[in-house]
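K.L.:
So Swiss-Prot says this about it:
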type: TOPO_DOM; residues: 1-21; note: topological domain 'Cytoplasmic'
type: TRANSMEM; residues: 22-42; note: transmembrane segment
type: CARBOHYD; residues: N53; note: N-linked glycosylation site
type: CARBOHYD; residues: N77; note: N-linked glycosylation site
type: CARBOHYD; residues: N98; note: N-linked glycosylation site
type: INTRAMEM; residues: 112-132; note: intramembrane segment
type: TRANSMEM; residues: 142-162; note: transmembrane segment
type: TOPO_DOM; residues: 163-212; note: topological domain 'Cytoplasmic'
type: TRANSMEM; residues: 213-233; note: transmembrane segment
type: INTRAMEM; residues: 242-262; note: intramembrane segment
type: TRANSMEM; residues: 270-290; note: transmembrane segment
type: TOPO_DOM; residues: 291-687; note: topological domain 'Cytoplasmic'
type: REGION; residues: 661-687; note: region 'Disordered'
type: COMPBIAS; residues: 677-687; note: compositional bias 'Basic and acidic residues'
Amino acid sequence: MTLFQKLQWFCQLIRLRAYYKFLLLIAYTLFGAWLFRFYELQADIKRRAIYGNDTNLIRRQLAERWIEMHDDAVLRNNSVLRRRRAAEAVDWLLGELNLSDHMREFSEDTPWTWTGAMFYAGQLYTTIGYGYPTAKTDEGRICTVLYALFGIPCFLMYLKAIGKTLSKRLKKIYKRVRRSAFGKFLLPTRVTATKDGFEDPDASAEERKRKPFPIPIAIILLIIWICFSASMFCQWEKTWDFPSAVYFFIVSISTVGLGDMLFRTPDMMVFNFLLILFGLALLSMCFELITDRIAKWKQKRFDEHIKKVQKMAFQVFEKDPFVEEAPPLGIRMAPNLMQIAATHVSEEKRGFFAELKDWFAGKVTDNVIQSKLEDTDDESDEDEALEEFESPQVATLTANDLVVCTNGGATRRVSKQSYAFSDVSNLSNSKIPPGNNYGQLLDRIKAMEKFKPKKGDLDSRMFAKFLENKKLAKILEQTELRELATVSCQTDLSGLVVQRRNPKGRHARIGSCSSQSTMSTFLPRNNSHAPDEDSVMSITFGDLKFDYITEPLIDEYHLRESNHSIFDFDDDEVVRIPQKMLVSRPGMPPPPPSRPSQLASPLRALLEKEQKYDEDPEIQLTPRRLASLTDVQARKVKLGYDENLQHARLVCGLLPQDFDSPSTSTSTSMIDSGYDLSKRDAPVNIV
């Protein structure tokens with residue numbers, strides 16, 4: 001048991017998940033307290049020591065002056081001079097105690113002018129609160145509370161709206177700059193493409209128009225505005241330096257408002273406040289862009305994980321395309337036991353940081369999934385049903401709990417709960433967890449993922465945690481899965497198969513591609529079959545299925561093997577290609593002519609291969625094979641002249657038909673590729 005696992009066990013023991021956010025807030029507060037105390041404590045102690053020494057010095061000097069005034073005979077007889085000396089002593093005392101500024105505050109004009117009152121109102125609804133001026137009367141304080149309660153929500157809504165508007169305006173300006181000659185020269189052009197070389201239909205024109213304003217440029221604009229506003233403050237407030245002005249502006253736009261620095265020019269308060277408001281709008285825009293980017297990152301990770309699940313699900317059914325009958329196996333033999341034994345072959349020793357990365361990947365994945373799920377009122381009921389399903393009482397079945405089902409002559413006893421799963425209406429009475437329509441499929445996908453070699457990158461760990469999440473089945477039911485398409489490119493133009501291009505799927509730019517939709521070929525259908533929970537082998541390896549299927553999971557057309565092969569050609573037939581079609585690439589010598597066999601039997605071709613042949617003006621190509629005892633009557637294929645082929649040769653030069661056909665294997669069992677069937681079933685057309 002590693003250190004990280006011990007920490008996880010302790011957190012589960014004290015139920016840390018219920019109040020960890022509050023503990024994080026307390027920890028952040030303690031960190032801030034330590035940080036500020038570390039930098040401010042010693043300096044404050046020094047200031048207090050100096051102030052204490054100065055206070056004692058002031059006391060002594062003040063006492064000496066009073067004694068001097070009392071003992072001086074001249075001052076005793078001259079009252080005017082005595083009052084003057086006393087006033088000088090009091091002014092000196094006030095200056096030493098730093099009380100002159102406070103006295104000057106009350107000696108100046110009232111701050112409750114129109115500009116000062118507007119500045120105070122702005123402090124309230126922006127939640128800055130500098131602490132000057134302040135309301136002293138009871139009526140003023142009551143009005144302050146009511147004004148803040150109504151003004152703060154309105155200002156937050158306005159700030160969000162102005163942030164979006166500012167983002168749109170800056171985005172338009174950014175587009176104009178990019179389209180200009182200066183922008184094309186200065187800013188690089190980004191080309192978006194998928195990894196497999198095909199176009200991404202999701203990257204439509206509308207989504208490209210919705211591309212947000214770049215975050216780095218927004219942050220640079222915010223920094224420029226902070227520096228500009230700080231320089232303006234330095235011009236109006238003569239006692240401020242540039243770092244102090246930057247500090248004041250950042251504290252203001254973050255709505256902290258410590259109040260240690262205040263404006264001393266009442267005439268410029270409104271203009272200064274407008275600078276702060278625009279800074280708040282820029283900061284809100286940056287937060288909005290960052291939040292949108294995080295949301296899009298979550299959506300992207302979610303879509304990638306869903307696509308991986310779809311591909312792996314298609315691989316599961318692709319490896320097991322046939323549904324066969326088999327005698328019944330044991331009932332309720334804990335089907336997950338063999339899966340655990342097959343996947344957990346060895347325990348890998350992992351360090352603390354690897355466990356920490358797994359924990360972080362799990363938390364991020366939980367956040368991504370939770371953001372996609374809708375808040376439902378029956379969440380507690382689902383948790384109770386899940387706990388009931390995981391209880392060991394489910395494995396205890398009696399003979400009364402079993403039903404007998406038949407499928408094409410194969411008889412099998414299954415549990416009532418498993419059989420009831422074929423009907424959605426009976427789902428509430430079953431022992432299957434709610435929303436677990438993908439149970440069998442997800443078990444196979446998890447087994448495939450665990451068999452793969454583990455990678456240390458964050459994306460792989462996030463996908464593994466994505467599959468292990470308990471809410472995956474529920475989110476698969478609520479998510480509208482996108483349509484995927486398998487794309488195969490064919491270079492042999494003679495047997496070209498052209499199908500209608502799917503507008504929603506991916507398609508290649510160059511060449512001929514035939515795509516078939518694979519979406520919904522692996523998804524379990526409600527009311528179609530019951531998941532085979534009682535089968536041990538099917539859950540683990542996916543090589544047998546005992547389901548009661550009313551409709552095939554995969555189209556039989558794609559699962560049907562062809563009875564024809566590209567090697568089943570008659571050796572007596574010579575395929576002749578017109579000479580005018582054989583146009584080589586400019587600057588390249590023509591390919592050497594091949595020597596095809598004109599004999600009727602491949603055995604005679606082997607015995608008389610030293611025979612000389614007359615060169616024919618037209619190149620003769622014959623698919624050849626070695627001698628076999630199972631010769632089958634083959635079809636006669638002859639390629640005719642086609643203008644499209646001629647055009648393709650002019651553009652591409654050599655085509656695969658210009659070379660000898662690949663030699664076949666010496667094995668007597670010929671592998672059927674379905675090539676000839678595709679030529680008979682599909683029309684020949686050239687794109």
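Cβ coordinates come from backbone N, Cα and C, glycine included.
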K.L.:
Suppose we draw a 10 Å sphere around the Cβ of N53 (N-linked glycosylation site). How many other Cβ atoms does it contain, all chains included?
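P.N.:
Neighbour count, Cβ to Cβ under the 10 Å cut-off: 10.
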K.L.:
Among 22-42, 213-233, 270-290, point out the range having the most Cβ pairs under 8 angstroms from the transmembrane segment (142-162).
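P.N.:
Per the Cβ under 8 Å count, 270-290.
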K.L.:
Just to be sure I understand the packing, how many Cβ atoms besides its own are within 10 Å of the Cβ of N77 (N-linked glycosylation site)?
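P.N.:
Looking across every protein chain shown, the total is 9.
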K.L.:
Take the C-alpha atoms of N53 (N-linked glycosylation site) and N77 (N-linked glycosylation site) and report the distance between them in angstrom, rounded.
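P.N.:
Given the Cα positions, N53 (N-linked glycosylation site) is 35 Å from N77 (N-linked glycosylation site).
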K.L.:
What is the three-state DSSP composition of the topological domain 'Cytoplasmic' (1-21), stated as helix, strand and coil residue counts?
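P.N.:
Breakdown, helix to coil: 16 helix, 0 strand, 5 coil.
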K.L.:
Mind checking which residues of the chain, 6+ beyond the ends of the intramembrane segment (112-132), have their Cβ under 8 Å from one of its Cβ atoms?
P.N.:
144, 147-148, 151-152, 154-155, 252, 255-259, 262-263, 266-267, 269-270, 273, 276-277, 280
K.L.:
Can you tell me the mean pLDDT for the topological domain 'Cytoplasmic' (1-21)?
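P.N.:
Here the mean pLDDT over the topological domain 'Cytoplasmic' (1-21) amounts to 78.
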